[in-house]
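Once you've had a glance at the structure underneath, I'll fire off some questions.
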């Protein structure tokens with residue numbers, strides 16, 4: 001269609017066709033299609049396509065030496081055995097703030113306090129609200145697949161900021177009583 005309209009020169013279209021038919025693009029398309037078919041997400045087609053695109057980029061980034069640890073935890077009646085803090089509403093990434101001693105995450109051993117939660121079952125939680133991450137964790141069936149990044153310094157800074165806010169709030173409440 002572009003060639004017929006004359007908006008794009010024929011040599012440019014031929015170059016684009018060559019790229020799109022390359023082995024690289026074929027692999028990207030195959031990975032995208034596989035992720036699209038196996039992604040555990042409810043929602044409209046656009047939301048599914050966006051999540052698939054993000055997961056595809058993450059898959060290629062991981063294969064290129066930028067891998068982040070993947071942790072799979074069984075979903076049991078006792079919960080997952082960790083707490084999270086942070087989120088968009090707090091202008092902060094979502095972090096593992098506590099590993100419950102003896103809990104699922106503690107027994108499995110793959111998560112650490114200070115891990116930044118990047119995705120839950122293939123759905124990115126970067127830049128998301130706290131409640132969205134919790135919702136994804138609760139929705140999971142059978143097991144939960146997490147992608148994390150270990151950044152303990154940022155967690156320490158965030159906890160210090162929250163403690164400062166709590167202290168200021170307590171002072172304010174005690175002076176207004």
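Glycine residues also receive a Cβ, built from the backbone N, Cα and C atoms like all the rest.
Below, the features straight out of TrEMBL:
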DOMAIN    1-43  domain 'L27'
DOMAIN    70-152  domain 'PDZ'
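Show me how these features fit into the shown structure, please.
The domain 'L27' (1-43) scores a mean pLDDT of 79 in the predicted structure.
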Count up the helix, strand and coil residues in the domain 'L27' (1-43) according to DSSP, in that order.
31 helix, 0 strand, 12 coil
